[in-house]
Each structure stands twice: as structure tokens, then as C-alpha cells.
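Record features (TrEMBL):
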- R14: site 'Transition state stabilizer' (SITE)
- K21: site 'Transition state stabilizer' (SITE)
- R154: site 'Positions MEP for the nucleophilic attack' (SITE)
- K212: site 'Positions MEP for the nucleophilic attack' (SITE)
Amino acid sequence: MISAIVVAAGKGTRMNAEINKQFIDLEGKAIVLRTIEKLVKDYLIDEVVVVIVKEEEAIYNEKVKPYIVTDKKVKLAYGGKERIDSVKNGLALVDEASEIVIIHDGVRPFFSSEDIKAVIEGAAQFDGCIIGVPVKDTIKVVDKNGFVFDTPDRASLFAVHTPQAFKKKALIDAYKNYETSSTYNLPTDDASLVEHNKGRVKTVIGSYDNIKITTKEDLVFAKAILHKYKEEE
């Protein structure tokens with residue numbers, strides 16, 4: 001059994017919108033609805049857990065829930081203080097029979113079924129598998145005063161996206177280790193936890209279209225991507 005957790009509990013302050021980014025309209029549908037629709041339609045996924053801010057349940061019930069058409073289980077969890085807390089709350093609702101868990105950003109609707117298949121296959125073979133793209137720009141490491149003190153080799157850098165898939169046991173063990181460890185910085189993705197717990201995480205190449213919509217500029221790009229896909233149909 002394979003479960004997907006949709007993380008849609010972010011505050012989205014960079015968007016400067018009246019509602020949080022996941023509920024912003026993208027060509028007639030809330031962004032997170034577009035994400036959920038693709039997950040529930042994927043034949044490899046058996047259930048979906050959506051994590052939202054508790055205070056936004058009414059918005060979810062208005063803009064998202066009525067439009068999810070599926071026979072699969074779609075569960076609702078509430079977010080925590082940090083992203084890691086939100087994923088943990090979603091993980092608590094995953095079916096006991098689930099063997100692989102996919103974590104996906106609610107505001108990243110342009111993933112493909114091929115992406116899902118690739119990370120599942122990778123997670124089945126290793127502890128986890130994450131999707132992303134090679135970095136195009138030169139990256140500088142900068143100190144707190146704004147001065148460059150290192151330039152990593154771009155050939156070894158990988159911009160990580162979601163979906164990310166993990167063996168459920170590896171993910172749960174990684175979260176337990178995080179809770180009892182004092183050596184962690186706050187992780188920004190789940191692969192970091194599995195890596196820190198000495199898990200093997202494979203990478204697979206995705207698409208540059210698979211953007212995370214967090215700013216007004218991203219929303220412009222998202223509309224262009226959506227129009228491109230419609231033209232290709």
C-alpha cells in the first residue's frame with residue numbers, strides 16, 4: 001500500500017495575498033486542489049492525507065473538498081508550528097498497511113505520473129527517493145555579513161523538489177531520531193531526516209516545470225506552464 005501526504009499548512013507570507021498560497025485560484029481551481037486531484041487519480045497511490053492549518057478548514061471545505069472526486073480515502077490532518085510538525089501529524093494518519101509514503105508540497109501541482117512512479121521505485125529499492133533538477137546557476141555560500149566565502153562545484157548540486165518517497169519504517173525511524181537528537185538544524189525537507197539517520201536516499205531527475213508556487217512571480221510562471229500543457233493536449 002502506498003500513501004501520499006500533501007503538506008498544505010504553510011502561511012505563504014511571500015505571496016502577500018488575502019488567503020494562504022495553497023488556496024489561491026489558478027485558472028479556476030485552488031492550487032492545492034490541482035495537486036490533490038493528480039494524486040488521487042494516480043493508480044499507484046492508495047490514499048491521500050492532506051495537512052492544512054486547522055483555522056483554514058472552512059476554506060478547505062469550500063474550495064477543495066467538494067471537488068475531490070475519488071473512491072480513495074482522503075484524510076485531513078492539521079499542521080503544526082513547523083513543516084516537520086505538519087508532516088509528522090500527517091504521518092500519524094497514514095494507514096498501518098502502508099509500506100511507502102510520499103511527501104508532496106501542496107503548492108507544487110506540476111509533477112507528473114512519471115515522477116510518482118520514479119520515486120516509488122527508488123524508495124522500494126533504497127530508504128528513500130527524491131526528485132529534482134540539476135542547478136543551472138552558480139551558487140555562492142555567503143556569511144551573515146553578505147560576503148562570499150565558498151563557491152560549491154555546480155556539477156554536484158541538485159535542486160530538490162517533491163514528490164519525495166520513503167519506506168514508511170525509514171521515515172518513522174528518522175522522525176523518532178530527530179525528536180531525541182540535539183544535533184539537528186531545523187530540516188526543510190524529509191530527506192534530510194532520513195539522511196541524518198544514515199538512510200540511503202536516491203535522486204532522480206524531474207522537470208524544471210515542477211515549481212513551488214510561493215510568490216506572485218511564481219503564480220505568473222504557473223499560469224504559463226498551465227497554458228503550455230493545455231496547448232500540448
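Yeah, the Cβs are placed from backbone N, Cα and C, and that goes for glycine too.
Scoring each of the recorded sites (K21, R154, K212) by how many neighbouring Cβ atoms lie within 10 Å, the top position goes to K21. Look at K21 (site 'Transition state stabilizer'): DSSP puts it in a helix.
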